[in-house]
Each structure stands twice: as C-alpha cells, then as structure tokens.
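Copied over from TrEMBL, here are the features:
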- 1-11: compositional bias 'Low complexity' (COMPBIAS)
- 1-23: region 'Disordered' (REGION)
- 29-416: domain 'Catalase core' (DOMAIN)
- ARG73, ARG112, PHE161, ARG358, TYR362, ARG369: heme binding site (BINDING)
- HIS76: active site (ACT_SITE)
- ASN148: active site (ACT_SITE)
Amino acid sequence: MAKSPKSSSKPTGGETHQSAEGLDTAVLTTNHGVPVSDNQNSLKSGSRGPTLLEDFVLREKIFHFDHERIPERIVHARGSGAHGVFEAIDDISDLSKAAVFTKGEKTEVFVRFSTVAGGAGSVDTPRDVRGFAVKFYTREGNWDLVGNNIPVFFIQDALKFPDLVHAVKMEADRGYPQAGSAHDTFWDWASLMPETTHMLMWAMSDRTLPRSFRTMEGFGVHTFKLVNAAGKASFVKFHWKPRLGIQSTIWDEALKLQAADNDYQRRDLFEAIDTGDFPQWDLGIQVFDQAFADAQPYDVLDATKLIPEEDVPVRLIGTLTLNRNVDNFFAETEQVAFLPSNIPPGIDFSNDPLLQGRLFSYLDTQNSRLGTTNFHQIPINAPRCPFGNFQRDGKMQTMVPKGRANYEPNSLAAHGEEGGPRESPMAGFATVDAVTGSDESGEKLRVRSETFADHYSQARLFYRSQTESEQAHIASSFVFELSKVGLLDQVPGRMVANLRNVDEGLAKRVAAGLGIELPKKAPAAKTPIDMKPSDALSIHKNMKATLEGRAVGILIADGTDAAEFSTVMTAVKKAKGKAVVVAPKVGGAKLSDGTVQKADGQLAGSPSQIFDAVAIVLSEEGCAALLKEAAAVDFVMNAFGHLKAIGASKAAQPLLDKAGVEPDEGVTGLDGAFVKAAAQRFYAREPSLRMLA
Ligand code: HDD
C-alpha cells in the first residue's frame, strides 16, 4: 500500500506516558504541560473560604474525570482482551493469496472475548454466547475475524438484529434482568422466530458456560471466500480450536461462580498470560466449492446453519498465541474497534445477508462509541502497515497531512509537489463475483430465499449429537429459562411446540419439567430431515483429559501431614496443573513437621467452584476443626456436586461424609489416581445428585 507523502502514517500519542515530551516525567503536570505544585488542595480564598474559579488545576482534573466514560458497546459490552501473534503453519497459496496465510508468516493480533447481553460491569459467567473477536494487523491491512464461540447465529437477516438485542437485553421498562436470557421478552420473541431454534439449542447447552476463554472454540460463523492469486475463489468457514480442549462448567457451578468471582474468566486470562502460560488456539478452515454447496440440504449462506466437520474436515492452517496482557484496559480493550468489513486481499465476503448487514453496523457504531470517524488512528485500531488516502480532517484528527494533495486524480507531481497515493488494481482488494460464477442481477425483492426455510433439521442434528448428560443439560436449561417467563402464559407452550419439530423426546422433557401439557406441534415451513449425528458438536466428546490450564484447590489446616501435602503439590505441578493452597486462615497452616505453609486463598473466600478439582489434605485434628466450618463442608459438597475429582487423605473422611460424598471413580486418595482423575469431570455422577429434566 502506498504511504501518504509527508504525512505521518503512525498515529501520535501511542505511548502511554502522560507527560509532554521533553519534560521530566517525574513532574506532575496539567494536560497542557504546566507543572503542578499541589495535588492535594484546591485553591481557596482563605484557608476556609470558597474555592476559586481561577483554579485551572482543579477545573482541568475534574473536567477530564467527568468525561472519562464512553458509551459501552451496544452488545458485547463486557469483554477482556490480550495481544498475541498468529503464525501461519501451512501453505494455502492455492486457496488464498492473503499475506497473513503465507507459511511461516507471523502477524501481530489483538483478541477480545466477551459476553453478549450484559453491561460492561456485569459478571463473567452468565449463560450467554461468548464473542471471540480477532484483529490481525496484517502487512496488507487489518483483518478482523469477529466471531463467537458458537458456529451459528440466532437470525438469518441483519434486519432482525435490533429486535434480537432489544428482546434479550434488560427489559425496557424495568431495567432487568442483567446479562441473561431467562426472561419474558427474550422467549416471547424467540418463540415467535423459528429460525432461532438451532442457536437456542447451542445456547441452552453447556457451550454458553465455558470454563474459561482458553477452553472454548471460536467460529467465524459466516461462509466467507478465499481468493488465490489467479482470482479463483473457494468458500470457507473459519474455526478456532483451543489447545486445551473444550471445557464447560455446569449450571449450578456457573451460578456459584458469579458469587465467588465476578471476574472469573477475565482473571483466568490475565493470570495465565502473566505467568507465561500462553493460551493457544489452532486456526482451522473448512473449504468447499459451489458444487458441494449446491448438494447440501441447507444453504451455506444461511448463518443459522453449520457444515458438519464430518462432511468437510477442518484443516489446521495456523496458530494463535496470546502472549501479552494489555497495558491499559481502556486504551486497548475498551477502545478496540472490530469491523467485519476489515478484510485484506485474498479473503472475501459471501452474500450471507447477516454478514452484509454487519459490514455496515460495526463501522457505524464506532462513531457513536468512540466519537469520531478517526477512530482508526487510536493505536489499538491503527494498521501496523503504512496507510494513506485522501480522507481528511474530522474530530480528533491526530495526523498532520502535508501539502495540497487532498484529492485525486491530481497532477501535482508534474509540478514537483507530492501527488499522494494511487490505487493499485493489482495489489488492491477486489471482490470476486462468486465461487464458480453466478448471476447476481435480479429484481429488487424483500424476501428470504426458499433455501433458508428449514429451521429445525440442524437443531435436531445438534441435539442428537450430544451425550445423554449433555441432552439432559439442554432440556433442563430450557425448563429453567422458560420457568422464568412470568407474565406471558403462552410463551413456554409456544416454545415447546417448536421443540416438537426438533425432537419429541426433548419437547416432552421440557413440557414435563415445566409441568405443562404437551402442545400441538408448531407448523414447520419445511419438514425437518435427519442428518447424520456429528461428534464434533459435543463438548464431552471433545474434552481433553489434562491438568494443563486447570487449577486444583488443595485444602489444608493445622496438623496437615507435610509429606502428603508435598506429594499432592508435586504431582499437580508435574502434571502442569495450577496448585492453589486453601486454608482457614490466609496466613497459612502449621503442618505436621512444624513448618507453616502459607495459603494462596482463605477458605471462606476460595470456594471450590473456582477450581477444577480439589484435594482435601487434613489430619484428624484439622478435619475435626473443619467439620464445624460451613465453608469447608460447602467446599467438598460443591466439588462433588459439580462433578469434580476429590482426592482426600484418610483422616478427611468425616468431612467427606458430612458433605454427602459417595464413593465413585472421581473420589480418590492422594496418590497418582488423584491427578489422573483431576483432569476429568464425572458426569455419570450427576443423575444421583440432581433431578434433571
Ligand atoms: Fe455483532 C459487536 C459477534 C451479528 C452488530 N459482535 C460484536 C462483537 C462480537 C460480535 C464478537 C464484539 C466485538 C468486540 O469485542 O469489540 N455479531 C457477532 C457475530 C454475529 C454478529 C458472530 C453473527 C454471526 N452483530 C451482528 C449483527 C449486527 C451486529 C447482525 C448488526 C446488524 N455487533 C454489532 C455491533 C457491535 C457488535 C452493534 C457492538 C460493538 C461493536 O459492534 O463494535 O455493531
């Protein structure tokens, strides 16, 4: 790309220091560089008199503070970001000419994970879709892959997006509930929109309860196109596969996590990066052509549909590593602006009508959020490659273009002046018509293609691809959410009527769980078909038995056997797990050998839901003391209830008994069996613990 002559392509102000250049940074100054002598007292008339208007130090400080906030994102307001690198590991030049995919190429990235419905200050662990937005600062301009942790979407056409968002966010009159879909307006709307059914199945599954950002998949959702140097296009779907495998919590655990730590996922991401345990994902592509697309019983341009991985395998082409936390949350995570319309040569859009609407919305929203059309100059948004054009001026212009060339064509160069950049038909972005050529002319129609009419087959595919335990979780989530629909009697029945098109068994379970009559089946625009179940859609079938990225809470108290404690610590660390010591007092506990072991967390403030497994390392004396401590009983009871491994010393048995722990393969001693068990969840335990729908 050409660089604008004499104008700086690097936005100024990227550095985070606050002092004006040339000043001693140790001196506190006003925003205009005037040294401040007193930052404690405002200027008054007499020591007890009124404050003077003349006090520019006070006025500037309060003025700036009063305007610190910007409008939060209309959706995905709560998010956590990190810097990293993407490395292309495979040669796909036959498919795409994009530089970012050149084998061995390393591209700087910024990633922001988010929930959707809640405000910026809401909690990390509601039942909600998670955003997975990646900005690649490629040498051919920014590419933003703005996806979610679910491969399909609620709606087929962008025109419906404001309705979806209004329905799911807090209700207009009462301002609640925050960050959740379990309320009247969401289900009223969703039950009237059969096209939401497939995504609802995902939303009601444990996919919306990810254990951490590091253990969730990401998806570009839409079908995009890859374009090679010869101009040949192929269809593509993008996938992010977490190196740690997929892992989710269960509903009761997610609820209790909200109480234990509002920032559970943000903290996990920050701490992992901070300790050098860099989160990684593989980028995968599903590539297919028009002939494949034409042969499917669904339309590949319909964002409510996925392409089963068994039909088109996912080919891994690159690795994403998050290796640097932000220096400043506001400057980076809050101000980052993702635009699905940011796309380099070699990648292209498809005609998916949801995607087409997004291409407008994200650019547009940044003006109200960031207050200027120059938001691309904010360091986190600025391309890392040179950029230049004839767009000029506007609020917060920080670049200083020189010369007269602010238009083109111009012949200024002929007069010895700088003429500015020119378009590049060869290197520039050009959209390709279609994959194998298509007719894109036609009448103006406000219609939905007939090929988008099947709303149930893939919902059925999803449900039938789940394990028994996952199906029970889906049914129970529908029951929970619909039981929160208070004022609109017709809604639960209408939803169950839709579910009868997905799976009769599911519909019956939900009706029974709600205690309502099984309603008549809703008419389906197209009769659903049975697709071949896909293992890739199940979490349980894609979990990785590893302690990497998982935390083990090790409960100790005065008298804990020093050797037992040391054995567990060593084993957890050897298995690359994170060992977190919990004791009644944060100062620590006196072990059997007289040493004092400091605790990482106090028992009352470190409940077991924040861990993936627990070890109860107690002496008889310690156990006797903890039998009288509700937090200790809850610690064990919840670990058991949340289907986690519990390793315990013999002397801890009375505490396990009091917490209602029944022996099973997830309940072990403190030997090697514990570390093995700790890498798993014990879903088979669940039916004996709670009544699922
Ligand atoms: Fe969106 C933000 C993902 C459909 C309009 N969206 C936003 C973010 C993610 C997604 C991850 C947060 C980006 C960040 O971290 O800053 N959105 C999706 C996916 C969709 C989708 C995967 C469907 C496949 N979105 C969608 C539609 C529209 C929008 C159809 C509008 C027509 N989305 C927005 C927005 C947001 C946004 C209002 C809010 C803040 C922002 O864009 O920058 O413009």
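Glycine is no exception: its Cβ is also placed from the backbone N, Cα and C atoms.
Locations of recorded TrEMBL features on the structure.
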| residue | record | contacts (Cβ under 8 Å, 6+ apart) |
| --- | --- | --- |
| ARG73 | heme binding site | GLY79, SER114, ALA120, THR365, ARG369 |
| HIS76 | active site | SER114, THR115, VAL116, GLY131, ALA133 |
| ARG112 | heme binding site | GLY79, SER80, GLY81, GLY131, ALA133, THR333, VAL336, PHE338 |
| ASN148 | active site | VAL129, ARG130, GLY131, PHE132, GLY218, PHE219, VAL221 |
| PHE161 | heme binding site | ILE155, LEU354, GLY357, SER361 |
| ARG358 | heme binding site | VAL146, ALA158, PRO340, SER341 |
| TYR362 | heme binding site | VAL146, ALA337, PHE338, LEU339, PRO340, SER341 |
Assigned conformation of HIS76 (active site) - DSSP reduced to three states: coil
Cβ neighbours of ARG369 (heme binding site) where a neighbour is any other Cβ within 10 Å: 16
Reported mean pLDDT - the domain 'Catalase core' (29-416): 97
Assigned conformation of ARG112 (heme binding site) - DSSP reduced to three states: strand
